[in-house]
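Peer 1: Sharing a structure, written as structure tokens. Questions coming.
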């Protein structure tokens, strides 16, 4: 049992003779330095939106629209009409805008590129909504067009 030595015997003056044995590994002395306290500093990025509920409300709105679309699509098939066509145009455009906005947020980097991508996204969403409204007003509408495609 040569490996079982008391720590106090290692801290004494005959420390060198105890370390000559191959079975014994050196053990540091257990002296306590209270004046030397090591602290770690954690640097975090500043939280700019800590008090804002805008992100939470946006997420809730996205989920509410997704759930509303689950009911709106079958209702549009069962009860087609102008109000349903324009509701679908608004809901689908907003759903697509929010979804593509997340793609832009995740994959576009650099201030100028982000501004250009967001401007393009707003233009695309506005053009999509205008095109769907034009189709609803001057043609058969979204509900009737989908039912005509399904009847082929």
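Glycine is no exception: its Cβ is also placed from the backbone N, Cα and C atoms.
So Swiss-Prot lists these for the protein:
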{"type": "BINDING", "residues": "95", "note": "heme b binding site"}
{"type": "BINDING", "residues": "107", "note": "ubiquinone binding site"}
{"type": "TOPO_DOM", "residues": "22-56", "note": "topological domain 'Mitochondrial matrix'"}
{"type": "TOPO_DOM", "residues": "79-83", "note": "topological domain 'Mitochondrial intermembrane'"}
{"type": "TOPO_DOM", "residues": "105-113", "note": "topological domain 'Mitochondrial matrix'"}
{"type": "TOPO_DOM", "residues": "136-152", "note": "topological domain 'Mitochondrial intermembrane'"}
{"type": "TRANSIT", "residues": "1-21", "note": "transit peptide"}
{"type": "TRANSMEM", "residues": "57-78", "note": "transmembrane segment"}
{"type": "TRANSMEM", "residues": "84-104", "note": "transmembrane segment"}
{"type": "TRANSMEM", "residues": "114-135", "note": "transmembrane segment"}
Peer 1: Counting across all protein chains shown, how many other Cβ atoms sit within 10 Å of the Cβ of residue 95 (heme b binding site)?
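Peer 2: Residue 95 (heme b binding site): 15 neighbouring Cβ atoms within 10 Å.
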Peer 1: What average pLDDT is reported by the model for the topological domain 'Mitochondrial matrix' (22-56)?
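Peer 2: A mean pLDDT of 64 is what the model gives the topological domain 'Mitochondrial matrix' (22-56).
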Peer 1: Reduced to three states, what secondary structure does DSSP give the residue listed as 'heme b binding site'?
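Peer 2: The residue in question, the residue listed as 'heme b binding site', is helix (DSSP, three-state).
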Peer 1: If you draw a 10 Å sphere on the Cβ of the residue listed as 'ubiquinone binding site', how many other Cβ atoms land inside?
Peer 2: 8
Peer 1: Which sequence positions outside the topological domain 'Mitochondrial intermembrane' (136-152), separated from its termini by at least 6 residues, show Cβ-Cβ distances below 8 Å to it?
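Peer 2: The answer is 76-77, 80-82, 84-86, 88-89.
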Peer 1: Kindly assign the residue listed as 'ubiquinone binding site' to one of the three DSSP-derived states: helix, strand or coil.
Peer 2: helix
Peer 1: Under an 8 Å Cβ to Cβ limit, what residues of the same chain, 6 or more beyond the ends of the topological domain 'Mitochondrial intermembrane' (79-83), are close to it?
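Peer 2: The answer is 136, 141, 143-144, 147.
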